[in-house]
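What TrEMBL says about this protein:
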TRANSMEM  30-50  transmembrane segment
TRANSMEM  62-82  transmembrane segment
TRANSMEM  122-140  transmembrane segment
TRANSMEM  160-179  transmembrane segment
TRANSMEM  265-286  transmembrane segment
TRANSMEM  313-334  transmembrane segment
TRANSMEM  354-374  transmembrane segment
TRANSMEM  394-416  transmembrane segment
TRANSMEM  520-539  transmembrane segment
TRANSMEM  551-571  transmembrane segment
Amino acid sequence: MSEELAPGPNESPPAPRAGPREVWKKGGRLLSVLLAVNMLLLACTLISGGAFNKVAVYDTDVFALLTTMMLLAALWILFYLLRTARCPDAIPYRDAHAGPIWLRGARGGAAECNGEGSSGGLGVAALGGLVLFGTCTLVMDVFKTGYYSSFYECQSAIKILHPLIQAVFVIVQTYFLWVSAKDCIHVHLDLTRCGLMFTLTTNLAIWMAAVVDESVHQAHAYSSSHSNASHTILAPDPERAGSLAAGDSCLCNTALCQIFQQGYFYLYPFNIEYSLFASTMLYVMWKNVGRLLASAHSHGHSPARLSLFRETFFAGPVLGLMLFVVGLAVFIIYEVQVSGEGGRTRQALVLYYSFNIVCLGLMTLVSLSGSVIYRFDRRAMDHHKNPTRTLDVALLMGAALGQYAISYYSIVAVVVGTPRDLLGALDLAHALLMIAQHTFQNVFIIESLHRGPPGAEAPAAPPKEPCQGLTFANMDALHTLPACPPTPRLVDPSPAGSREAVAIILAPRGHWRRRCLKDISLFLLLCNVILWVMPAFGARPHFSNTVEVDFYGYSLWAAIVNICLPFGIFYRMHAVSSLLEVYVLS
């Protein structure tokens, strides 16, 4: 029944099975991927076409497609929960690494890897993870329903139905991922693969629609503030925006309607992150279809209990909280001054760039320090097969490319363009530090994820110190040895006592390293949160600072930012989840 056999750490890999079932495994995966690619291309065509005024594709067509996809995906999830997962021997194994770190620990009572329990204590973090994004998405759906219902007599029914169906889809999918993220399903293999890929494609389509809608909103706001007709290529006309010009009753001119409209735009970042996190979890489930784990504990770290600020020097979390609070203040001041009419955009940009330069510089130094600490870490590298870790590394490297692209475009515009002033110098320093920070943080996170858990030290050479590892039965003999530190306590001269003494002597060294790594991970986590908040909730210095706009032109620069920035925003939140795992495993 198995399709993949993962050997344990002390087992030799089994001989590959050649047969029609193994061949069709590849065919089943190919079939599901082809289904996902075709559905994704269809969604891309309609979503991108609906963003331009010259194309005869309206938002009702996009809503109809997304609503249909969400309904089909929700029906498949219900079939999986009610029929497939309840088949005898449907889920003989569970992948301990599957799902984000908050889900892995939150389900502490669930059977892990053929019936073994987990004692993880991350339930509180679970409420702050996927459930938080899903809850904010539900609030956004309420706001969108209220907005479109404000002039329902002028709207198509699909516009009101779409947020309602999305709310149902989010509830069903969140429950599905909560209870089934670790499943290694062994029945209905090809149907399960196709269902998972279709659900993944649905989330990506929702993500693309949200990104395009937010980009059009930003472009419309920019063109309105600059009153430039050449900048309105992406700006929606009143009919596409849902406010027909046929009469005043169809305009969003009431205070409640304005609140609904502004509210759901501010909640778009949570919807975007929810769709991306759900997509990554569904991909790991797709990889685990038919997977058979050879050993119950061959691939999982020892479950760790999360205790925030435990075993830290408090320097990391305190400094991180200070930067977080200062960053919120800078973000509020920036938004107020940029959107105001007092002509204080330059001061706001100087303040924004200055804070980011300081924050990115500290993050670069701290990440580099963490990599240096790992040079003295005795924990062995974990080379076991881990689809979740492989995906985490790929997402970190791939999502960073978005910010890399924006930074390199900015560097070229500042160096080649004119004039060269204070804003140009700050923009250049910001772009260079952004590249350095992404690079060193990725190195630190990836090396951390490949380290074994505490206690999995690699074999080391005998200690060079004359007293290291010795057990003293006579305290008077200790003073006869040169340069010997006092032993912590008297231990019997037995093999067990010798091992205990070695552990006591070596513990302080590893302890300070663990504390430093925990401080570093918490500091980077808080900094990534504030660097996610700023662009996710509307900070766009790329357009307020006209260096790049004047150099590339608005249309090209807007396309670059609108394509690359969503990946940079996702990178920050994915780095937060990875750093949380680094903190737990340090």
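Residue numbering: from 1, along the chain as shown.
Positions of Cβ are set from backbone N, Cα and C atoms, glycine also.
Automatic prediction, not curation, is the source of TrEMBL annotations.
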Intrachain neighbours beyond the transmembrane segment (551-571), with Cβ under 8 angstroms and 6 or more residues off its ends: 207, 211, 215, 218-219, 222, 228, 230-231, 233-234, 269, 272-273, 276, 395-396, 398-403, 405-406, 409, 412-413, 416-417, 438, 532, 535-536, 540, 542-543
Intrachain neighbours beyond the transmembrane segment (520-539), with Cβ under 8 angstroms and 6 or more residues off its ends: 218, 266, 269, 272-273, 309, 312, 315-317, 319-321, 323-324, 327-328, 331, 334-335, 352, 356, 359, 362-363, 366-367, 369-370, 373, 441, 444, 448, 565, 568-569, 572-573, 575-576, 579-580, 582-583, 586
Stretch contact, the transmembrane segment (313-334) with the transmembrane segment (265-286), Cβ-Cβ under 8 Å, 3+ pairs: no
Maximum Cβ pairs under 8 Å to the transmembrane segment (30-50) - stretch from the list 62-82, 354-374, 394-416: 62-82
